[in-house]
Each structure stands twice: as structure tokens, then as C-alpha cells.
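Below: the structure, in C-alpha cells.
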Amino acid sequence: MTNPQVPISTIEAPRARGGFLLYASRYGTLVAFLALVALNIAITPNFLSMQTLTVNLTQVATIVIVATGMTLVIATGGIDLSVGSLMAIAGAIAPMIFMHPAWPAGMMPIAVTLAILVPVAVAAVLGLFNGMLITRYGIQPIIATLVLFIAGRGIAQVMTNGNLQVFRNDSFQFIAMGKIAGIPTQVILMMIIVVIAWAVTRYTVIGRQIIAVGGNERAARLAGLPVKRVKLYVYMISGALAGLAGLVVIARNSASDANLVGLGMELDAIAAVAVGGTLLAGGRANVIGTVLGAFVIQLVRYTLLANGVPDAAALIVKAGLIVFAVYLQQRADKS
Amino acid sequence: MNRLKRAFTFGSPAELARIGVILALLGLIIFGGLRYDNFLSAFNILSFLRYNSMFALIALGMTFVIITGGIDLSVGATAAMASVVAALLSGHHWAAGLGGGVLAGLAVGILNGFLVSRMRIQPFIATLATMLAASGTGLLLAGNQSVSVSYDTGFTAIGQDDFLGFPIAAWIAGLAYVVGWLVLEKRPVGRHILAIGDGEQTARMMGLNVERNLALVYAASGALAGLAGVILASQFGAGQPTEGVGWELFAIAAVVVGGTLLTGGSGSVGATLAGALLLGMVFNILNFENGLGWISLSAYWQSIIRGAFLLGVVILQARLQQRVKLS
């Protein structure tokens, strides 16, 4: 009673801090992105060149494509560890189709179309398989997708006998090497996918259902939402996008190596989602955040490599970045 | 009435799964013994134990982490980093290699514990980050290549030699499992972490120090991963910064096959051991199958079969669980 100011200040202080954290978590990724760009302009030679932009965009494109699917999966409260292996499977199938000697000369466009559609469809079916394990048997997503994480790369290796498939096929490689209006095709592909996913999560019924399922599955079920179907969809989409990313990777490399395609991609995708501000507990889907998250991770790596820091050290910085981003979000969420 | 009913149904789903894994293990041993001449030979058994002791060690740490409802993705990278540290220090004294490797693992474990218990970062993300950091550190220390260990100080004995007829590595793993079993079943701290896994809020209200227990569990997991790294370096004569990829998933699979639910709150050290041995045995049998030349299984088939095996086990467990829920 002697000092009426005290209670007011104790109320004010956490509110101000909460406000800061909220801003930091909401715009932190954007600020980090802009700061990284500014830093690079200042210290990295030739940063502001078309070539640097292209290198960064093409390197980030596959991560963004996979991470978009991962965002939807994580929004339902799940996780998909199998994406890297699905990329390897799709990457193994495509060259088998368009390199098959049975194709008559004039049928190449059909071969290439099939070489794009079939691998993506196979990856989607495998994603559906993940979803089945999760919805039908109630297996936790991390374990259900662990099955294909382990077996998937083996499937790709068995299909190719572990051999490197080298090819040169301009029409297939257009999905990575081609340019539309001066922009690399894979970047356009990435943008289309991001825009669709953003619109779906923002404006469609299924988008809201995904978020509702992740927010409170029990409540969603009681409210009559088709919880199982929603989950099947997201794992299928995640699988299909991983398959597409696998095709982009092999088209870019002019070669498919089942041992390497998509290796560690699940970590990059999850990291992009986490840095981008989607809560890993589910119930939120921030597609634009994921894109920014992927760009931040890519730029950090580029900054370090371009300035002579070894790749191994870049891993440590990436780790710190992930922890910091998640920590900020969680603090903001609590206040 | 309820108690009566429970006596006539087969225990909890976790118990059922545990009985299942032990039966499967016995089944595989009998199958192998009947099918292959040298399966039950001393040489095969000893090299099986020598090699699988590393995986058993990280699976033990993982059991405790999973009982608390967490997960430790960093163990593989930690083991790899520890193998590098151990190899670098092995020239001074064998104990320096051993102690250095374990301490390196413990350091990662303590960091994990800090991130999970103090900074309240989800275990999945926290250990994912330390996985990246540990593998980066290992690569930096090793200069991107494997580091040979010193053969002068007897460091290689840890992974390669026998003591009283059994591999030293297997003694270490066996001892760790005995200690782990005692801690979980006979010590208060074991009950505490079970309670935390069952419900963190409730455990907190009961007055348990959740933070300290979580920190302990992650530190132990890190130290055990470090020990596995020491054995790795000693067994293969080199610290290998890129080894250990996928070990964490092997450990998780061993724990799950052992019937421990990833939701936490229950778990058994013995069942994890059975799970780890079972997964190792699948590999062992595949190698024999290769040797017989019936089917020429390349290394690539092994991961498919391992995945299919994991699939079978998790579906079986899910089925059992559903049935128990209904009855």
C-alpha cells in the first residue's frame, strides 16, 4: 500500500517482454533473413550478382519443396522422416523409365512425361503408406515413417544395384536446368508449390481441417472432421513433394545416385519448418515462414562457405540457429 | 472384479510386447542354430557380442530417455565425435582415450539436458540440433577424415580383446545393463523418471525435481554414446567422424521392438537388450544366408529387410495394444 507503483510495474514488465518476444518470433525469421542479406552485401565478395542469386535459389529450391510438405505434416502434429528416402526412390525410378532402350525414337516426350509422373505417383503412394500406418494402426508418426526411412534407401539401392545412373536428357532435365523467362524452372516449380500450399492453408476447408487436427485431434474428431482422411492427405502430399524434389535433384546433377539423393533432407526440412515458426507440436502452418526458414538456413551456410569457413563449422552454426529460433518461439508462445 | 479380470488377461500391452520380443529372439536363435553349422560357434557368438555391444550401449541410454517421454537423436553423431576424441587421445594412455571419449559424449549429453530441461526445447529439436553440432565438431576435430588410433598404449584392447572368455566390449555393455536395470527397478530415481514420463505435471506436483531428473537422463545417454564411440574407435582402429549415421534410429528401433512405448512412462532395460540383440541377430542371420549362397543378398537388401522387420514388429505391437484395449 505504501507504494502503489509496484504492482503496476510488475504487470507492465512481462507484457512488454511478451510483446518483444512475440515480435521476435513472428518477424524474427524475416529480420534474420534481411540481416543475413545485409551482412553478405557488406562482407561477401560478388554477393550481389546474378550467379550468386541463382546458386542460392537452386540450392534452396529442393529444400523448400520438401519442407512445404513437411509443414503440412507438422501442422497435423506429425513428422515425416521418410522424405529423403522417397527422394532417392523417385530419383532411381525416373532414369529407368526414360533411359529404357525400348522407347521408339518419336515417343520420347511420352517417356519423359511418364518419367516425371510415375516416380511422383510412387512417392505419393509410399506417403499414403506412411499415413495408413499412422491412421489405421495408431503408430506414432516418427516410428511409422522410420520404417521407410530405413527401408526406402535400400529399395532405391536395390533397384539401381547401387550404381550411379548417368544421363543426359534435355527435356527431362528441363525441370531443373531449364529456364522460363530467365528464371530457372526449379525455382518456378518451388514458387508454384509454395503459393498453392499457402493458399490451401489459408483459404480452403482442408487447410483449416489440417490445422484443427494438429491443434486438438480429439476435439477435431468430436466436431466430426475426417481426421484420418486429413492425415492420409498430408502424408501423401509430403511423399509426392519429396518425389518431385528427388527428380529435381537428379535432373540438376545429370545423374542419380541412390546412396546420396536426399541424404539428410529430413533434417533440413524439419529445420526449415522449425526456424520458420511452425510449432512442432502442431496446430499451425506457416508456409511463408518455412520458405524464409529455408532461405535463412541456406544463406547462413552460403555466408560461411563463401567466407572460407569449413562445412563442418557451418553445421554447428546451423544447430545454434535452430535452437535459438525454437527457443524464441516457445518463449513467445508462453507469454 | 477388475483385478480378477486383469489376472486372466495377458498383462499390459507393453508386457505382451516384451514377451513377444523374447520369444522372437529365442525363435531366431533356434532357427539359426538349426540352419547354419557355425551359427552357435564360439567365434560367431563372440564376434556378434563384440560388434553389437556398441548398439546395445546407445539403446540403453535411449531407453531411459524414451521412458521420460523424450527422444535423443544425437547419439549417433555423439558416438562418432567421441570416437574421434578417443582416437586423438589414445596415444597418451589407453585410459585417456577411454575417459576422453566418454567425457566428450557426456558433454553433449549435458548440453542436451540443459536444452531440454532448462530451455524447455522439445527433445526432438534439441537433440536434432546437437546432432548437427556434434557431427560438425567431430569433422572439425578429425579434419574430415578418419583418425587412426595408437596401437602402443593398449587402447585397441577395449574393443578387440577378451576377458575371461568374453569380449571386453561385451563386459562393458553387460555391466552397463546391470547398472541400468538396478537404477530403473531398484532406485528411487528409476521410479521418478517413470513418473515423469507418465505425466510431467503430476510428477512436478508430487514434488519431484523434473529438471534434474531429465538432465540426468540425457547426460547418461550422452555418456553411453561416448562409451560406444570409444568401443567403435578401439574396434576399428580409427576414430570415424562419419560413422554413427543412423545409429540413433537403430537405438530407437531396438527400444520400440523391446516394447517400450515412445509416449513414455514405461519401459524395461531387459526388453531393450532383447530388442537390440534381435535386430543384430537379423543382420547376423542375413550374413549367414549370404555365405550359403542361397540368395545373394547385397548390403542394400539388408536395410530393406531391417525396415520390413521393424514394420512387422510395430504392426504386431499396435494390434496387441488394440486387442488389450478392447478386452
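Any Cβ shown, glycine's included, is placed from N, Cα and C.
What TrEMBL says about this one:
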TRANSMEM  B:16-34  transmembrane segment
TRANSMEM  B:55-88  transmembrane segment
TRANSMEM  B:94-116  transmembrane segment
TRANSMEM  B:123-143  transmembrane segment
TRANSMEM  B:163-184  transmembrane segment
TRANSMEM  B:214-238  transmembrane segment
TRANSMEM  B:244-262  transmembrane segment
TRANSMEM  B:269-287  transmembrane segment
TRANSMEM  B:299-318  transmembrane segment
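Against the transmembrane segment (B:16-34), stretch B:269-287 shows more Cβ pairs under 8 Å than any other of B:94-116, B:163-184, B:244-262, B:269-287, B:299-318.
Non-local neighbours of the transmembrane segment (B:163-184) in the same chain are 46, 49-50, 53-54, 56-57, 60, 63-64, 67, 157, 190, 193-194, 224, 227, 231, 234-235, 267-270, 273; each lies 6+ residues outside the stretch with a CB under 8 Å from one of its CB atoms.
Sequence-distant residue pairs (6 or more apart) of the transmembrane segment (B:94-116) and the transmembrane segment (B:214-238) include at least 3 whose Cβ atoms are under 8 Å, placing the two stretches in contact. Beyond the transmembrane segment (B:244-262), the same-chain residues lying 6 or more positions past its ends with a Cβ under 8 Å from any Cβ of the stretch are 13-18, 20-21, 55-56, 58-59, 61-63, 66-67, 71-80, 83, 131, 135, 228-229, 232, 268, 271-276, 278-279, 310, 313-314, 317. If one looks beyond the transmembrane segment (B:123-143) by at least 6 residues along the same chain, the residues whose Cβ comes under 8 Å of a Cβ in the stretch are 65, 70-74, 76-78, 80-81, 83-85, 87-88, 108, 111-112, 115-116, 239, 241-242, 244, 248. Listed by sequence, the residues of this chain that lie at least six past the ends of the transmembrane segment (B:299-318) yet keep a Cβ under 8 A from its Cβ atoms are 13, 17, 20-21, 253, 256-257, 259, 279, 282-283, 286.
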